[in-house]
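Single-structure report; data block below.
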Amino acid sequence: MFINRWLFSTNHKDIGTLYMIFGAWAGMVGTGLSILIRAELGQPGSLLGDDQIYNVVVTAHAFVMIFFMVMPIMIGGFGNWLVPLMIGAPDMAFPRMNNMSFWLLPPSFLLLLASSMVEAGAGTGWTVYPPLAGNLAHAGASVDLTIFSLHLAGVSSILGAINFITTIINMKPPAITQYQTPLFVWSVMITAVLLLLSLPVLAAGITMLLTDRNLNTTFFDPAGGGDPILYQHLFWFFGHPEVYILILPGFGMISHIVTYYSGKKEPFGYMGMVWAMMSIGFLGFIVWAHHMFTVGMDVDTRAYFTSATMIIAIPTGVKVFSWLATLHGGNIKWSPAMLWALGFIFLFTIGGLTGIVLSNSSLDIVLHDTYYVVAHFHYVLSMGAVFAIMGGFVHWFPLFTGYTLNDTWAKIHFTIMFVGVNMTFFPQHFLGLAGMPRRYSDYPDAYTTWNTISSMGSFISLTAVILMVYMIWEALASKRLVKSVPLTTTNLEWMHGCPPPFHTFEEPVFIKSPQL
């Protein structure tokens, strides 16, 4: 029965598929919003109206991409599909809670869209800083709807995190230890811990903002003894772990893809990779104020946050060089998924280097709120998280559907996307160094050339997105069945065929040797 299978689902594979479809749909919305932004900035002068509507679009673009595209696909889609298969569990620990985690997202998305349709919309930026987000600068229901939307998405993520942690710790067969689980499983577990620890702080912050707006409290209002800087601390204590939440599952996927297409049976430096991810997770919690170098902190505070931020580069470097070492001496297969993984390693590293630049508090004073920051985080998200998602998608597509994508189209798609995102975001480094500020719908003529090039790049990326939709349709219409999958002994998820049966691992797996 359709309703029983898709609305009341308790099957990790079906819920994973729902997350994938929802994330893809939200991704289209987010892409549309980003095209609006680049159309507005394609030449000087106004296109859409005033800066309020522009900032509503920017804010919605960020929220949609983060909470309704990257997280649902990476954690909800790939996590649900792969974690139980990789550890040999029959399903997730709490299958009905899993269903609830998913179904909290569509209403959350609805609230976010509603926020932009009432009053003037929430033009606050994704950070929702007061006093701009207060009830004077943003009278009306828009910001309140946005806050409720975040609450729902947050509850969804917390429930999902509890589910993943329980599943990964308790549902492995007795024979395998935590240090024999695949790296993607590790990455999801660490991500879940980060979610569990950071989201309640965001919930507290936005709830205080809600009461400031509606119940006359003054948590963030100096007139009543409050402090808007407190909100920034609460927000970024969530916001910084959040960016690692967005990338960590990608690290896990890239490890699998690189290992698989290098023909290796395990990644280079498995334990180093695990420790690196745990270090990144831990350090992610103690660097939040590097987003606040411009609020007037003590020099010793700035010194600490600068050095702590730079330390994160070390475990990140361990990961990058371990991926390169995994490639070394391998029998490399230049499949589309491998191209995405190699693109990820290269572009994520560039994004990491600009991150090191921004971690210097003195430099950040100059570069804060310029397009240099936009370029930095889009290199790690738009070419890190998204490339990992695309690589994981083309790699596991045969597992999810039982059909194969057209290899040539997939490679063309990668090439167009690669050119598009680089043409969009590389020029933004120059704009930022030249002092162009973020979150403005217009700019002095001096910035025209790079903005025009950047906007052209965004339309190239749009072409790639449309091509991807065609590619998926072509694969599902042609129904080319998967012949055989190599290397199944070291990649448990493929063991049951493509696609795997509705129920897998109904009894614990038997492990012959201590090594997985």
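Cβ atoms are placed via backbone N, Cα and C, with glycine included.
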Swiss-Prot Na(+) site partner of Glu40, Gly45, selected from Ser441, Ser454, Ser455, Ser458: Ser441
Swiss-Prot annotation: Thr177 and Cys498 on one membrane face: yes
Candidates His240, His256, His328, the one Swiss-Prot lists with His290, His291 as binding Cu cation: His240
Spatial neighbours of Glu40 (Na(+) binding site) that are distant in sequence (at least 6 apart) but have CB under 8 A: Ser46, Leu47, Leu48, Tyr54, Val57, Ser441
Neighbour-count leader, CB within 10 A, binding-site residues: Gly45, Tyr244, His376, Ser441: His376
Interface present between the transmembrane segment (12-40) and the transmembrane segment (447-478) (three or more C-beta pairs under 8 A): yes
Surrounding residues of the transmembrane segment (371-400) on its own chain - C-beta under 8 Å, 6+ positions past either end: 16-17, 20, 65, 70, 73-74, 78, 81-82, 243, 246-247, 249-251, 253-254, 256-257, 260, 335-341, 343-344, 347-348, 350-352, 354-355, 357-358, 410, 414, 417, 421-422, 424-426, 428-429, 431-433, 436-438, 468, 475, 482, 485, 493-494, 498-500
Beyond the flanks of the transmembrane segment (407-433) by 6 or more, those residues with Cβ under 8 Å of it: 38, 335-336, 339-340, 343, 347, 354, 367, 370-375, 378-379, 382-383, 386, 390, 394, 447, 450-451, 453-464, 467-468, 470-471, 474
Recorded stretch that, among 12-40, 51-86, 299-327, has the most CB pairs under 8 Å to the transmembrane segment (228-261): 51-86
The transmembrane segment (95-117) vs the transmembrane segment (183-212): 3 or more CB pairs under 8 Å: no
